[in-house]
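In what follows, a structure is listed as structure tokens, so that the remarks can point back to it.
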Amino acid sequence: MPPPPGPTAALGTALLLLLLASESSHTVLLRAREAAQFLRPRQRRAYQVFEEAKQGHLERECVEEVCSKEEAREVFENDPETDYFYPRYQECMRKYGRPEDKNPNFATCVKNLPDQCTPNPCDKKGTQLCQDLMGNFFCLCKDGWGGRLCDKDVNECSQKNGGCSQVCHNKPGSFQCACHSGFSLQSDNKSCQDIDECTDSDTCGDARCKNLPGSYSCLCDKGYTYSSKEKTCQDVDECQQDRCEQTCVNSPGSYTCHCNGRGGLKLSPDMDTCEDILPCVPFSMAKSVKSLYLGRMFSGTPVIRLRFKRLQPTRLLAEFDFRTFDPEGVLFFAGGRSDSTWIVLGLRAGRLELQLRYNGVGRITSSGPTINHGMWQTISVEELDRNLVIKVNKDAVMKIAVAGGLFQLERGLYHLNLTVGGIPFKESDLVQPINPRLDGCMRSWNWLNGEDSAIQETVKANTKMQCFSVTERGSFFPGNGFAFYSLNYTRTSLDVGTETTWEVEVVARIRPATDTGVLMALVGDKDVVLLSVALVDYHSTKKLKKQLVVLAVENVALALMEIKVCDSQEHTVTVSLRDGEATLEVDGTKGQSEVSTAQLQERLDLLKTRLQGSVLTFVGGLPDVQVTSTPVTAFYRGCMTLEVNGKTLDLDTASYKHSDITSHSCPPVEHVTA
């Protein structure tokens, strides 16, 4: 075996080879991580020239002939590689024979022993390259891999979420950023941006679309709920949720609670429960036990009936104090049968009128001042010899010659019937018809020298027979009844053939005691409320407590106007309806329309059609209708006078009037002292 080259020669050869290699090699740039792996503080074979030299020595020393461990040490020039090589070298000889056997597998086995990357111990999937070291090796890992053999996945997501703004998914040797639902991954593959789903008009269908971070919401108006299946807003039937204490009516997007107004109830501030309708203005309701109210019986029948019997001929003497604002009615009747002899003292146009019939011959006389001014005055009727004398405040206003006396002889006794506040027979039997109903008050009466003391005891025991101590002009509605008329609101114009025109003009002068109640209404067949004007203390659609006057056709409010109900003052409510027009005014201020022009015309057309049928005009309340048929069903409480189509309504001429309603007198507001 030739001697190995000396150290100086070997070093020179190595430097020359290194020089040649540096001239001919291409520049190689490694990433920082790869470079760092190469610069580990361990001895490495950095240059290929040393490997080639080592292989030459190895072939000469250990392949062509058997080498000892010391000779192998001279080849590798270090202990680690020698210690690694020599036991494996001996294993190659055991498996393939000695060098002199010339087995090619032996040569291959020996030549591969110094290269510790053959076979490659590094994980193939995670290794970029294997670096042979002195008795060792180094696995240069690909990005995302670690460990000695590059077989350990690096979890990039464990450090700052891998740089992902939302979701980091670790994968073998890698990772991937992802976004939550409703976000999209941007071009940097790390950032996420919200997706605006509302840019697609079909996202929510009929509902409003509101974009949210990573999502969206389909919104409906209050009272509606969104159906994701049909992509529409569907009405919520709140009435199925038992929200109302009494009656509930569902409507698109809302609901309305109703209370039994005729039972004295209205909606509470929560708009769901009911509460009592209580007066907010106190009226002076005190009555006098020494007074007799003449208007208690709407039928026109007398409130008092007396029958006198005498053994001797007797003359009539009647005296009383009287007070009224009523222009017409009967004070009292005295006499016998309708076809015999009698007198009726009444009022017509505010003046005293005497109708009399003696022996079948009737007469009428009227004289004296107007006395329906609401002040007390003393009236007397005295039967003298062949004369009747009528006085007002002791002044004679009438003196009528008569033939005979009012007491009639019958079965040996002289009889006289006397009735107060009405007549004992039909109006048609009068000399001239008169409305017998009289809203008047009588006191200090004296019939035939006081032989009627029982009347006073009867009046004391019955407050309905008593008068208010103080009254003013107007009609008083106590809140528990109504009146109605049969009025016509249509007419056929001769100028345009048979075309039917209609008009409803209402002027109501009111001084309310409560904030809820029907002022007037038109009611058709089957108790359908065609039109109503009423006080109400809430706005039904806005569900807001507010004192209002409402004009409605059936259950649809056409107009609303605010009113100070509880200020103790008189207010004027004006309503005008005709083709194409519906207005509501309170104290000269026009109300706000609640419907569109098309909706208004639709309601007016319906009203016009209904007015051509049977219609009753109700004042102060309604019959027993459904609470849902009109905005208000409660009775009105307070003072009111009413004009309809230019004519003042006289409650004495109504088709019906509740007996507690006073036609021409109203108690004043009670002034409460602090």
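For all residues, glycine too, the Cβ spot is worked out from N, Cα and C.
Within Asp83, Asp101, Asp652, Asp660, the residue that Swiss-Prot lists together with Asp326, Glu328, Arg437 for binding Ca(2+) is Asp652. When Thr314, Thr378, Thr633 are compared with the annotations in Swiss-Prot, the one labelled phosphothreonine turns out to be Thr633. Between the listed residues Tyr216, Tyr414, Tyr636, Swiss-Prot assigns phosphotyrosine to Tyr636, with no corresponding entry for the rest in that record. According to Swiss-Prot, the listed position annotated as phosphothreonine out of Thr492, Thr541, Thr609 is Thr609. Beyond its flanks by at least six residues, the domain 'EGF-like 3' (194-234) meets 180-184, 252-255 of its own chain at Cβ-Cβ distances under 8 Å. Using a 10 Å radius centred on the Cβ of Cys168 (disulfide bond) and all shown protein chains, the other Cβ atoms total 20. Nearest in space to Cys244 (disulfide bond), taking C-alpha to C-alpha distance over the binding-site residues Asp326, Glu328, Arg437, Asp652, is Asp652. When the recorded positions Cys150, Cys220, Cys274, Asn417, Arg437 are ranked by how far their Cα is from the Cα of Asn488 (N-linked glycosylation site), Arg437 comes first. Secondary structure at Cys198 (disulfide bond), as computed by DSSP, is helix. For Asn417 (N-linked glycosylation site), the nearest of the binding-site residues Asp326, Glu328, Arg437, Asp652 in terms of C-alpha separation is Arg437. The disulfide-bonded residues recorded for this entry are Cys62, Cys117, Cys233, Cys280, Cys467, and the Cα of Cys117 lies nearest to that of Asn189 (N-linked glycosylation site).
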